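Residues or ranges marked as compositional bias 'Basic and acidic residues' in TrEMBL: 575-608. Per TrEMBL, the feature domain 'Major facilitator superfamily (MFS) profile' maps to 39-484. The region 'Disordered' annotation in TrEMBL covers 563-608. TrEMBL lists 40-60, 80-101, 108-127, 133-155, 167-189, 195-219, 292-313, 357-376, 382-406, 418-441, 461-479 with the feature transmembrane segment.
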Amino acid sequence: MEDSYLWGKIQDYYGETKYNGTAQSIQKDRTIFKKPFKRWYIAPAAMVFQAICGSVYAWSVFNRPIDVAIYGSDQKVAPITFYINIGCLGVAASLLGPWLERNGPRKAGFIGGSLFCFGHWVAALGIHLKSMALVFFGYGVVSGLGLGLCYISPISALQKWFPERKGLGAGLSVCGFGIGGLICAKIPLPLIEAIGLSLTFVVIGSCYWVILMICAFVFRFPPPERTKTRGPIFRNGTVFITRKQQKHGSAHDEKSMPPVIADSKTPPQNRIVYEPAIDLTLREALSTYEYLGMYMMFLANLVSGLVILSRLADMCINVFEKSPDTASTVVAINGGFNFVGRLMFSSLSDVIGRKPSYLVMLGTQVVILAVLPLIFITRNYWAFLLAIWTLTCAYGGGFGTIPAFIHDLFGMHNISGLHGILLTAWSIAGVGGGILFTLIYNHMVHSRGYSPSSPEVYNTNFYWLCACAAIGFVVLLFVRSTVRDRLLPRVGGEVTRLRVFGRILRFEKTGTFGFKLKYLRQEEEEKEWASFWQAIREETTVVTTTGSMGDVIGGTERLPIGGGAGVGTGANDNARVDTPRIDTPRGDILRGDFPRGDIPRGEVRDLA
């Protein structure tokens, strides 16, 4: 009984995750310092907030000083703190994502930032008492838990404030994290020399806390009128179509709207427009194989970048015989490419799409990891730099693009929860990938007799990293990223399918052990799609509304699809329609709007 009760609580927690702010708090969020709040205020606050959190990438500068302070020599124990921190980051993000969606990014920023800084103070006490366990607990556990909550707070807010530029919003929210290590790495050593190691953690933690609290004060979710679902949308066999009201100050400017589906002679103010938006509950999203495929793809994208980042300085010094100063410069420049990749690929995804962007990133990683062994054997230093910096750019792009990809596939209400669970891939890639790399490296050096400067000790690892990236690339091909791919039912004998160069490639079973591939022509796909819609049309009615700001409004006259003209208005025009939903033949549960072109021709009605 207790097990079923606990399972029910878990299902409720990961179910609907709508923001539960009060009317007073929502009204208060419309202003800041008694002036109207503008969405661009969040962008710089998010970048600074994430840059402070990104200081975790600079932990390596503390490794030797902490070991010497506690053990009297460099025992290589302090680096474990970083792995604990990254592991706790993923755990906190996955557990607290639904809580953030319900309580808002400001509260999450305050709590997460306080935990992150409190961990610094606990670590300072551990150094003073010469207790490595206290350092592990402070910076590893406490700061790691706070960091997980901090990381997802601005991402969720910016995704909701920039629905028409989701890639840009995601890039702005995470690019600061990529450059944080570069900025913060130069601070600790002068402080250690001036005031000592323990006080350095106290001072840094205190300064970070002030900055994080100021930034978190700016965070907030947009008011309800900016997040209304737009049509056409579906619920219980009914199609709801809304029209756009072109008013100054509307939540969505003209560029954010898709092309109009209507006669070009129709006055602009009376045209019906369509915007894609899918909205699933968190539990529904987790049950789709799209999410599993996204998780595997994200893990493959991260593992090579994290592993190589942790060994980049050693590669420069041992294999290419560069000085430690040169190696540190390479690492610093590499941080800049991490920053550029997060912003560049996230913005690019707004133009070419999320899935094509990830195909470019993973494809680039596969090619680079395949040629790195040759570069190491020939010891071509400039080719090595070009390859590593490009690889890091693709690695950073994965972080920048994933929030917008989640928004596209599963809706805006569960970004924090779904993103948080995905970040456990970060923990697995950082900890698991690092351990596997180290085991193979030590085996090659201690058991096989290779020297640390031998290319073979790294090339052996490049092979399995390349295989991981290739697996992620293949898995991504099967992720259905469009509404049509997710709704179109399977035909008899179909096992699975993917879209290649815009056309469907089917894997069909022809017997007990027989399979065949069928590359669908465009006219065949259109015929199947029309047949699917014909089946829906027989049980579907349409409601045309005249709501402003993209609101979905009920109470208007219902018209059977395919018949009648003209629209009446009812007395209940201000009644809200609940979140739309459709259960599809393929077992998917979709909520929200469907893209232009997915409504059969002839069903768009002029509201004039």
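Just so you know, glycine gets a Cβ as well, placed from its N, Cα and C.
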Might you confirm whether the transmembrane segment (195-219) is in contact with the transmembrane segment (108-127), defined here as three or more C-beta pairs under 8 A between residues 6 or more apart in sequence?
yes
Counting only residues 6 or more past its boundaries, what in the same chain has a CB within less than 8 Å of a CB in the transmembrane segment (382-406)?
155-156, 159, 166-167, 169-171, 173-175, 177-178, 294, 298, 301-302, 304-306, 308-309, 312, 315, 320, 330, 333-334, 337-346, 349-350, 354-355, 357-358, 360-362, 364-365, 368-369, 371-372, 375-376, 414-415, 418-419, 422, 481
Test the contact criterion for the transmembrane segment (40-60) and the transmembrane segment (357-376): 3 or more CB pairs under 8 Å, pairs 6 or more apart in sequence, then answer yes or no.
no
Taking contact to mean three or more C-beta pairs under 8 angstroms, with sequence separation of 6 or more, is the transmembrane segment (418-441) in contact with the transmembrane segment (292-313)?
yes
Considering only the recorded stretches 133-155, 167-189, 357-376, state which has the highest number of Cβ pairs under 8 Å to the transmembrane segment (292-313).
357-376
Six or more residues beyond either end and a Cβ under 8 Å away: which residues meet both conditions relative to the transmembrane segment (167-189)?
43, 46-58, 61-62, 151, 154-155, 157-159, 161, 200, 204, 332, 335-336, 338-339, 341-350, 354, 357, 396, 399-404
Over the domain 'Major facilitator superfamily (MFS) profile' (39-484), work out the mean pLDDT and round it to an integer.
81
